[in-house]
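A.B. asks: Grabbed the feature section from TrEMBL, which reads as follows:
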type	residues	note
DOMAIN	A:85-299	domain 'ABC transmembrane type-1'
TRANSMEM	A:25-47	transmembrane segment
TRANSMEM	A:89-110	transmembrane segment
TRANSMEM	A:122-142	transmembrane segment
TRANSMEM	A:172-194	transmembrane segment
TRANSMEM	A:226-246	transmembrane segment
TRANSMEM	A:278-298	transmembrane segment
Amino acid sequence: MASTTATPKSAAQRSRKYMARRNKITMFLFVVPMLVVFLCMVILPSLQSLQLSFTDWDGISDTYDWVGFDNYVDMLTSGRFWNAVRNTLILGIGSAFVINLISLGMALLLDHIHHFSGFFRTIVYLPALVSAFIASTIWKYMLNYNFGAVNSMLRKAGLAGLTRDWLGDQHIVIWVLLFLICFTLGGNTTLIYLSNLQSVPQELVEAAKVDGANAWQVFRNVTWPMLAGSVTVNFTLSLIAGWAIFDQVQVLTSGGPGFVSETMAFFVYRVGFGEYRAGFGSAAAVILFVVVMISTVISNKFLRDREIQA
Amino acid sequence: MSSTTIPTNTTVPVAGAELTDGTKRKVRDMAGCFIKRKAAKEKERYTVGEVVCMAVVALLFCVVAFPVFYALAQSFRTYSEITIDPMGLPTRISFDNYARLFQDTAFPQATLNTVIITVTTLLILVVILPMAAYGIERIGGRSSRALYLLFLAGLMIPFQVRMIPIVKTFNTIGLYSTLTSVILVHLGGAAGFGILLYCSFIKGVPVEVEEAAEVDGAGKLRTFWQVVFPMLMPVTSAFVITNSLSFWNDYFIPLVMLDSSSAGTINVAINRMMGLLTSQWELIYAGAILSLIPSVIIFAAFQRYFIKGMAVGAVKG
């Protein structure tokens, strides 16, 4: 206190620059704790993955040899890897589309409910509280061939012909997984759509109606363009989540039967930890990252462009 | 003040007055006075469309929630009952399975572990995340942008991409299969979205308030904690609630980071009950139901913030 009054004017001016710099350093110190954790837990390990992907490390021994691009070549020429890619595309893109469709539908329904709206919002959100793991665990038993609820219901209803080994039949297993992943009311995604829907100015909707637009036309030409922002957010987030689908696969099928239902995320886990090929697994991890990055950038770019047009 | 700042969002001109009238109106309606109230009637009427929407939402909820109801019903039955008649209902409410879960399995320890992981991670994050976001926003210029983008890149790095080196490192430094390792991994994983959320909110905090505090002689740290941090409460609550659920529900990270030397988290413990030959179905159902209870409590307690928080997150995304 006393020192500020005692400081000469010229010194105060000179020290303005110094103060600004000091200010910057202090602000940087604020960032340091989070930055250190982030670098150690996210950035450095990712770079290390890149490094390990050029080795034949088995995950246990202390030494490993450099093998250049062998891992990548092996992977890109193996049918198992491409099968995992195919599954990831089906589950990732499929679930992103279906979940967004469901969420948008739920949001539109909720938008029309004016009585007890809080209650209805709550019940739409409640299923999202059940984790993918718990839901998959319950489904695993419901889909059990001999003692599961689904098959026993079918048998009781006289539809024994429809019973399947839902998780053991290689022709349907991936579609069963897709169905289970999409068996949701959307949770967060729905809430984001809903909050966007409710911010659509009613005047626009009224004006369209006055001009003689039907419900579909109002939605197509007024509501839908106004939703562009949340479509971008939701679709990008669902896609990122879709590429990393793991819990459902691990619990329900463990990638089986054989390797049929492996996804890329599961492939990395199984190869890296289950088969003692950490170098090979790292190469798969690097490819997974590239896929996530490219798809995020493309989906964001594409959807953002649409936003500006709208 | 508020009546003047809310001009035209409903057909009812003065929304507040209508609300306070509510009880009076009810009494009058019950007495059988059919007074026409144009404005109020608009709100009261149930249209066919709305009732249909309600019915559809309720129906869909029942369909999607069916597995949970099923697990709840089965958790009261014995193993033989479940396998003989999978669709049967419990003949009596017996908590034997729940008692066995606590007496015979690692479930209590696993629950404690899950609580420790969730609470510690959140406490640390709530301290270092807003500080970092504030720092990033106030550094200004190019370094501000660079730091922001660096953290944002974290959003595109799934755990699978970094898990092999992390396990390797933790093995070397002796942290593998400890709760600390899980907490550290969670901290790193939550940073990207947290920074995104906090930064978009801090942009709206006026710098003048902070300058005023500094003129009054408060240091940067004190200014932040006493002036800025309280203003961030809406984001903090949204962040805590959504992340508490995702930490509580997480399965993959503890599965990788904790081996059999640890009791694991709830999900890992349940997964271990799924034996290769025989699974203890009745215990698994009971465990699944128990693990849901805290989520439901958290949601019920903070429901309002939940829905608001989603809106905050959606603004910037």
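Cβ coordinates are placed from backbone N, Cα and C, and glycine is handled just like the others.
Looking at the shown structure, can you explain where the listed features end up?
C.D. replies: Sequence-distant contacts of the transmembrane segment (A:172-194), counting only residues of its own chain at least 6 positions beyond either end whose CB sits under 8 Å from a CB of the stretch, comprise 87, 90-91, 94-95, 98-100, 102-104, 106-107, 110-111, 121, 124-125, 127-128, 132, 135-136, 139, 143, 164, 166, 227, 230, 233-234, 237-238, 245, 248-249, 252-253, 256-257, 260-261.
Residues 46, 49-50, 52-59, 64, 67, 71-72, 74-75, 81, 88, 92, 236, 239-240, 243-244, 264-265, 267-269, 271-272 of the same chain lie 6 or more positions beyond the ends of the transmembrane segment (A:278-298) yet place their CB under 8 Å from a CB of it.
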A.B. asks: For the transmembrane segment (A:122-142), what are the same-chain contacts with Cβ under 8 Å, counting residues 6+ beyond its ends?
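C.D. replies: Result: 106, 110, 148-150, 167, 180-181, 183-188, 190-191, 247-248, 251-252.
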A.B. asks: By Cβ distance under 8 Å, which residues at least 6 away from the ends of the transmembrane segment (A:226-246) in the same chain are close to it?
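C.D. replies: Distal contacts: 88, 91-96, 99-100, 103-104, 181, 189, 192-193, 195-197, 200, 204, 263-266, 269, 288, 291-292, 295-296, 299-300, 303-304, 306-307, 310.
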